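Okay, structure first, notes after.
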Amino acid sequence: MTLPGFPDAQPLEGLVGGVLIGISAAIMLLGAGRIAGVSGLLARATGIADSGPPWIMALNFIIGLVLGGLVYALAFGPVAVSYSPSLILLAAAGLFVGFGTRMGSGCTSGHGVCGMSRLSRRSITATLAFMVSGIVTVAVANALGWGW
Amino acid sequence: MVMKQLLTLIAGVIFGIGLTLSGMTDPARVRGFLDIFGDWDPTLAFVMGGALIVMAVAWFIQPKMVKPLVDTTWHLPGTRHIDGKLVGGAALFGVGWGLGGLCPGPAIASLGTAPSPAAIATFVASMLAGMLLHKLVTSKNA
C-alpha cells in the first residue's frame, strides 16, 4: 500500500507495526503495571539506573527487544536500513540520545507512546520538545551536508 | 515470578517485531519523518497513531483493574511538574535523534540484525556512555 504523494511511505506496515508496539506497551501496563519506556529499561538493565523495575525484568525486556528484531528477520528476511556513513556523527548522536533521554526521563516509547496516550501533560510537552528539536536538527544537518 | 519474567520477555519481543515491521529500525526513514522541509516521509505518524490507539484503550481499562495481572501493585510515574530538566533533556534527545535517525528502541531492536554492525555498535555504545555521563554529572551535583 502506498500513500498518494509519498511513494516511499509505508502507511500499512507502519500502522500494523505501531499496533504491535501498542500491544506490547499494553501488556507491560496491564500485565506488569509498568511503563514500556525503552531508555529507562535500558538504563536499568545495564545497571546505569539505580531505581526502577527489578533488574532482571528490565533485562528480559531488552533481550526480548533484540530477539524481536531477529525473529522478524528470520521470518521475513533482512530489513532495508541505511545508517549515516559517519561513525563520528553516529557517536555524537548516541551521546545526545543517551544523555537527553536520562535527563528528560524518557524517549519516544515512554513519553511518546505511553505518556501521550495517558494524556500526561509532561509527556506531551517532552514529545513536542524532542520532535521540534529533531526537525530543527535535521534541517540544520541537511544544510551542513550531514544527511545521507 | 516466572510469569512476570515471561511477560516482559514477550512484551519485548512484540515491541521489537513492531519496530522492525514498521520500518522504524531504518534511520533514513525516521530522519525522513523529521525532514518536513525536505522529502517528508509520514510513516512514523502511522506507527505512533497505531500505538497510541491501542494504548488509549489500555489506559481506559487500567483504572478499572484493582492490580496488574501478574503484580500486586501499580508502578506508574506520578511526576506532574514540567521543568527545564524535562524540556532540556527532551530537546537534547531530539538533537541526537535528528543527527543519527535512531532512538533507544530501534537501536536495541537492530543490534542482532543490522547489516553494518560497526554503525549500530558505535551508536549504542555512545548512547550508554551518554547515560553514564548523565549519571556522573547529576551525582556530582547532588
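Using the three backbone atoms N, Cα and C, a Cβ is placed for every residue, glycine included.
Quick look at what TrEMBL annotates:
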TRANSMEM  A:20-43  transmembrane segment
TRANSMEM  A:55-77  transmembrane segment
TRANSMEM  A:83-103  transmembrane segment
TRANSMEM  A:124-146  transmembrane segment
Q. Under an 8 Å Cβ to Cβ limit, what residues of the same chain, 6 or more beyond the ends of the transmembrane segment (A:83-103), are close to it?
A. 39, 43, 48-49, 130, 146, 148
(Q) With Cβ-Cβ distances below 8 Å as the criterion, list the same-chain residues six or more beyond the ends of the transmembrane segment (A:124-146) that contact it, or say none. (A) 84, 86, 89, 100, 104-108, 111-112, 115-116
